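Step one of this worksheet: look at the structure below.
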């Protein structure tokens, strides 16, 4: 690898107290030059200021900090012995460039010497001269040397004089754009602009085409002016794919110059160093010697004293070219210190005092390399967004430490505020080891230990760098990042604990995130899981299904002795009683009990229907994850879901391939039985599932009601059986089946189809559900639907306990132990109290036999009741029910299940709100603005109703609107799942699953909002229901299990006052450590004025890609813009960014002006 002799231990002389040095080396240098330093000011901020303060403290030197108005809370002012404000009233950067103010503070406080750090004034010769004129020593080269080296053009001329090869470039700073144009015509592209009076990548722009020349010239000039107070630029030919190697030099006042070997700084982005390595990996020994010799010779030629760096580019032919001299301490000086054991800041201070290098024991033949060191710069930048700076408050900070790790930082602590005013550096991490791979391994380990929350960082990107094969085993050049795009395949940080604290804080400040129908609090009592057996659950009907397939399963059901039950507690029961709000958290807790004690259930209905979108929309949890987790807990009982035919689990028609794909993915995730129905009993939409459900309405025992007669149902059943359905289901959504009608319908079906299993579903709205289901069972039904007792009755299903008790000891005996039903019911009785804000009993105290007249489905009955109360129509619910009857007649007497029932309900509420009778609606149908659901129904979007559409009502409503003939899904173009997945990956990253694609296919907007919620608040499904809905009480302690073996211990501590930003600070104790989050008070913010945010869903709204200040607005209202056209220029952390138009169009509004300060996503302008 390297041709170095490795010496353990190195030099330790620089850590010796200064008092010991003078006598030992008294013969080495003239003593009249020695002037001890007693007090040092650092004319800088952040980690470099602290680095110098620490060195001074070690040497017994008193320290002075200066700070801007924006830096009053920064750590560097607290680390110094004294601290003084500078640049009062000036912009943030200008404060640290205010030479007269800094010099005055130094003189007023008896400062002996000023250390400039890096950046700001560190390479300004006028500052060095001002120090000298004021009688204050400048810890660095002489003003003349700083001037020569700081002027890149003069430094280039000196390099040529010293025989050091240089890159073709201008001899002096260019004065205008035309000079750059002339240079580019002479040498061709690519070229590079560089700031003549500063470095660090500021004012540096590569130009590859003539069309880019003017824009990049302006940006480079502006950046240089902002960063260094001088916008002068020079131009060089740009060398493609070089290595960036720099040599650390150190000189004294007596002409002694040594090198401390080299650093490889090739890993860069936007010409700013990201990772630095010392010594350079796999560098040719002869080239290494030439680099060292050229650096020392150049330094000696200019009489260089103090620390500095000579920078070179090395091309692919191993030719090296001088770039510049940085006449200051470099950010990456740390790696040189680690491999040489030389404290560079100590050396700077001693040289400034007048010590000679030999006196300090720093002779070239004694400097040896000890292993390898790597530095990376952890910054508050987002690699996934082009390294855009991020700002905000650090909510959590935990660093990586341990053997071989050094951290240099300033603002890296919990509670620190990262502002847009300065550099985005958070902490420098330095790893040391015997070789590159060892150091990289330690670095990777340390980075993995970091936890930074509240702001984005580049840590995931750095982790990819340190695991990259080229980095570890070969050389890299300055194009390494650009050519290795896999570095941007960032593993997202979970940040689950802090996100959950944000959620809890949000609920504590603003209340529940899900709409609450009534003012009721969740119960404070959690349900107790009944005791059960351990181990594998007993064999159930799912084992039969998996072994024998659908046909064998159907035969086993038909051959079973006794009545089989399907439990709806996990879906339809809570959909009917609790507004579908039951969470996976409470379903999971009772699932093992169900698996062990009700293995002889026909099935467990636990998915589909409204639960799919409600899970994402109101419970902020993934419906697919619910299915997966319940499947793992209940492996033996078949799962059943409700599929609305061509509507799948939505409220509109989907293309056929979408419905089939949905079923395929559901099956892969553990779904067994698809109960398929159509809201209009439209046969073409029902030929899909294992269990075909005929929706029941009317009364087959009433000879006066002929539209939905016994013959109608028998004909439908004939067609379904001929089509090959495995199980025939009667789906009585409104609970209209009376015992007599049950015997008639089920008896007729059993006689007609003796070998086909019959399954009956009903609701108990009228209170006759148990009697009707017993009648069905006696007439030949194989399966009836029930809900556990505490979740049964009213608009839910009949009682499980009642059915078990009534059939016990008869031929219909269910085989279920009644005592286990009692235990099961007790759990749900307590669990139901957690959902008090959604419980239908808040507004509805009993069922009602008027359902035989209005025919409102059970779940809808509950929802209509809630809606009527929320719309102020609670006292008119009786009128709503009557209007429902009239609306049904207006629409032609429909089968009323989702979504047709919603259409009838929408029309009924429309009639009540507008005080319209049926006759008035018919008469004014051509002038009224009907609910969209009614119009789309009449257009044929959900199919063709039995008996056709009502005329002339349909024609009067539709007028010239399009009419759909035949099955709606057949006319829809197939869904492009590949394009959908690509769009989701683009929006949400590569962690998109096939389940996510199906969620987005069914509910694109709901899925988008769900992903945004989880990105902000994390996995809220692991919270208990009371915490999810109501948040914790102050001083309450609780545990949250993120996953097996990872439990959070949380205590809510306090709620802060409202701040100027409309936020409240909420304090917690998390795993014994203090944590706090800032939460926007949504009520208070309505009364406060804030800059509007860009809506991501509206393409024409252009938001700020990063916090910062507007430098220039390039367009005005009414201007025509093309896609990609520059709109404005932002500046943050000394970086400028051009915001381009995302679309072509006309500027509708401009919301910013030059000098406007913006937060991320603040609305800049609107394009239409």
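The backbone N, Cα and C atoms fix where each Cβ goes, glycine too.
Curation plays no part in TrEMBL annotations; they are all automatic predictions.
Quick caveat, the model's predicted, so the values are computed rather than measured.
Annotation comment: TrEMBL describes 152, 236, 271 as ATP binding site. Here TrEMBL flags 572, 731, 761, 763 as Mn(2+) binding site. Summarising the annotation, TrEMBL assigns substrate binding site to 644, 898. Per TrEMBL, N6-carboxylysine is recorded for 731. The annotation N6-biotinyllysine is assigned in TrEMBL to 1134.
Distribution of TrEMBL features across the structure.
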{"residue": "152", "record": "ATP binding site", "Cβ contacts under 8 Å, 6 or more apart": "173, 194, 195, 196, 234, 324"}
{"residue": "236", "record": "ATP binding site", "Cβ contacts under 8 Å, 6 or more apart": "167, 168, 169, 170, 191, 192, 194"}
{"residue": "271", "record": "ATP binding site", "Cβ contacts under 8 Å, 6 or more apart": "201, 204, 206"}
{"residue": "572", "record": "Mn(2+) binding site", "Cβ contacts under 8 Å, 6 or more apart": "605, 609, 642, 761, 785, 787, 796, 797, 859"}
{"residue": "644", "record": "substrate binding site", "Cβ contacts under 8 Å, 6 or more apart": "609, 650, 677, 678, 679, 898, 899"}
{"residue": "731", "record": "Mn(2+) binding site", "Cβ contacts under 8 Å, 6 or more apart": "675, 677, 693, 694, 695, 696, 761, 897"}
{"residue": "763", "record": "Mn(2+) binding site", "Cβ contacts under 8 Å, 6 or more apart": "576, 732, 733, 734, 735, 769, 795, 796, 797, 857, 858, 859"}
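Within 10 Å of the Cβ of residue 898 (substrate binding site) there are 22 other Cβ atoms, across all protein chains.
The Mn(2+) site is defined by 572, 731, 761, 763, and by the 8 Å test on Cβ atoms against their centroid, the other residues of the chain that qualify are 568, 732, 733, 762, 785, 797, 858.
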